[in-house]
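Noted in Swiss-Prot for the protein shown:
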- ASP167: active site, proton acceptor (ACT_SITE)
- ILE47, GLY48, ARG49, GLY50, ALA51, CYS52, GLY53, ILE54, VAL55, LYS70: ATP binding site (BINDING)
- 41-327: domain 'Protein kinase' (DOMAIN)
- THR199: phosphothreonine (MOD_RES)
- TYR201: phosphotyrosine (MOD_RES)
- THR204: phosphothreonine (MOD_RES)
- 210-372: region 'IBR5 binding' (REGION)
- GLY53: site 'Involved in HT1 binding' (SITE)
Amino acid sequence: MSGESSSGSTEHCIKVVPTHGGRYVQYNVYGQLFEVSRKYVPPIRPIGRGACGIVCAAVNSVTGEKVAIKKIGNAFDNIIDAKRTLREIKLLRHMDHENVITIKDIVRPPQRDIFNDVYIVYELMDTDLQRILRSNQTLTSDQCRFLVYQLLRGLKYVHSANILHRDLRPSNVLLNSKNELKIGDFGLARTTSDTDFMTEYVVTRWYRAPELLLNCSEYTAAIDIWSVGCILGEIMTGQPLFPGKDYVHQLRLITELVGSPDNSSLGFLRSDNARRYVRQLPRYPKQQFAARFPKMPTTAIDLLERMLVFDPNRRISVDEALGHAYLSPHHDVAKEPVCSTPFSFDFEHPSCTEEHIKELIYKESVKFNPDH
């Protein structure tokens, strides 16, 4: 190593240390080392921290593009986290849509055999919907409509690739200053139902469909539509619709609004125990949505009612939602593309080891950086 310089604002004075003969640079961000290709230059700005790691904004000196770099530290310490990282990389490389976040690069590790951290480079967005909602910014009726339209437009493409997002929530809905929306965080995505979903992560339950709360192993794209309904209600009211403290409370909040399901609405539950459990819950009539959401446009209320249906088989589909009257100012089927080829999760073998995943991620980084 040789030479040091400083970058960043007065708030974050971040030292730059060249490594590996100057091919890489190292930054100390929040006490964590951040080592990336030298093309990523200051200003380096921390923009987020989460369970998966730290995210910094930087500039690609080759293209001049502003990017977001996510460091996933100790990415191969356990198989679940390793699979999640590989899954997101492969999914985002497969997809190409205006309303889905773009992966720009995987920083190629300096040494093939000795690396534990993964750096994923995305296009930089200005904020996310959760931050907007928490800041008490008032979204206009037109802004709300455009956000919901873009979310559904992106979701149509995702579903056409045979992918279920499974974790749509405001913090995964990314925005820029032009009010353009992109869906992010595909780490929990799947093509089909997976029993390991329930144990894999504690997903924010506020946006989870009833069939997931009830441990239903056979679920469909309708789970994402439920989440969009929760988001629609929240951007219209400024408050989460179902801020459950636990699973029981979550189900109660849902049934208090949409009404307790009758027997004909429980066909999606294969388990007798699950059906018995739902039947013994306190009974609630469906609320009048117009009374509950007095400031929402009538057409928005109608769309919300069609999304927040307890029985997933009766929930509106993404294509039907895009064609709904509420979204008619934006809807144009010719400008709502689908994915040309379905995504395959064949790389996820049950016998897959951390070392195998490490090798696959290395190969992904080489695809971005063949002349390293």
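Cβ coordinates are placed from backbone N, Cα and C, and glycine is handled just like the others.
Mean predicted confidence for the region 'IBR5 binding' (210-372): the pLDDT average there is 93.
In this structure, VAL55 (ATP binding site) is part of a beta strand by DSSP. Between THR204 (phosphothreonine) and ASP167 (active site, proton acceptor), the C-alpha separation comes to 8 Å. Highest Cβ count within 10 Å among the binding-site residues ILE47, VAL55: VAL55. Cα of ARG49 (ATP binding site) to Cα of the residue listed as 'active site, proton acceptor': a span of 18 Å. For GLY53 (ATP binding site), the Cβ neighbour count at a 10 Å cut-off comes to 21, with all displayed protein chains included.
A sphere of 10 angstroms centred on the C-beta of ARG49 (ATP binding site) encloses 12 other C-beta atoms.
For the pair GLY53 (ATP binding site) and the residue listed as 'active site, proton acceptor', the C-alpha distance works out to 18 angstrom.
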